Amino acid sequence: MGLLTIIRKTRLKEKQIRVLMLGLDNAGKTTIVKRILGEDVNEVSPTLGFNIRTIMHQGYSLNVWDIGGQTSLRPYWRNYFETTDAVIWVVDSSDRERMEDCRRELRELLQEERLAGASLLVFANKQDIAGGMTSEEISEALQLPLLVSHTSHIQACSARSASTTEGDQRIWDGLDWVVKEVARRVYYGTGGGMPMASEVQEKVESSSATA
Ligand code: GDP
């Protein structure tokens with residue numbers, strides 16, 4: 001078993017998942033994190049370095065690294081790649097002009113060796129803005145159906161949705177996928193079903209009992 005796998009299994013046993021939240025500047029990364037944490041989304045200032053926030057979900061603690069997406073900061077993203085379990089790539093669905101830039105940056109990111117084992121969740125954010133792209137259109141634009149190197153999923157959402165329940169729920173649905181996918185990958189390889197958190201905990205306990 002490789003060292004990275006051992007580190008990942010140990011962290012999952014401690015119910016910790018390391019998540020990198022990335023995307024172009026202004027996509028809504030910080031707003032999504034604030035929305036999840038129930039904080040005021042009207043007070044968001046650009047992320048100039050990074051914020052680390054912990055989100056509790058399904059009994060797991062997701063350590064989310066929200067990293068500034070300005071062009072000048074992008075070369076520093078790679079400093080945070082080590083032992084990442086999942087990447088959440090946030091897209092401004094209304095920003096058609098920068099969709100090609102977005103595709104190129106995501107593609108470069110996924111070529112990083114240190115992210116080879118990470119799952120990818122794409123949030124098609126800002127769905128409340130009229131005339132924006134649907135999640136299907138964004139999936140095509142980012143060429144997600146062609147992606148074979150990482151397991152991926154796209155989730156439409158709006159961090160500033162007027163409907164608090166729906167806005168929140170779609171973001172939580174995305175996090176559900178992250179937890180199930182990371183657990184499935186680390187414990188069951190790429191071909192298994194998607195276990196619930198409790199099943200994963202049982203698996204961890206039985207594997208540490210036999211270790
Ligand atoms: P970041 O640079 O990716 O962290 O983006 P921010 O979270 O700072 O958000 C950039 C701007 O987009 C802010 O003015 C937010 O209020 C706005 N924003 C974020 N999410 C949404 C959304 O879902 N809908 C709309 N209309 N605006 C949003």
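Here the Cβ of each residue, glycine as well, is placed from N, Cα and C on the backbone.
Curation plays no part in TrEMBL annotations; they are all automatic predictions.
Residues annotated as GTP binding site in TrEMBL: GLY23, LEU24, ASP25, ASN26, ALA27, GLY28, LYS29, THR30, GLY69, ASN125, LYS126, GLN127, ASP128. For ASP25 (GTP binding site), applying a Cβ distance below 8 Å and a minimum sequence separation of six or more within one chain yields PRO46, GLY68, GLY69, GLN70, THR71.
The Mg(2+) binding site annotation in TrEMBL covers THR30, THR47. Taken residue by residue with DSSP, THR30 (Mg(2+) binding site) is part of a helix. Around the Cβ of THR30 (Mg(2+) binding site), a 10 Å sphere holds 22 further Cβ atoms from the protein chains shown.
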**Study point:** Distance, THR47 (Mg(2+) binding site) to LYS29 (GTP binding site) (CA atoms, angstrom)
**Key:** 9
Exercise for review: Return the residues near LYS126 (GTP binding site), defined as same-chain residues 6+ apart in sequence whose C-beta is under 8 angstroms from its C-beta, sorted by sequence, else 'none'.
Suggested key: GLY28, ASP92, SER93, SER94, ASP95, GLY132, SER158, ALA159, ARG160
Study note, to complete from the structure: ALA27 (GTP binding site), Cβ-centred 10 Å count of other Cβ atoms over all protein chains shown, is 24
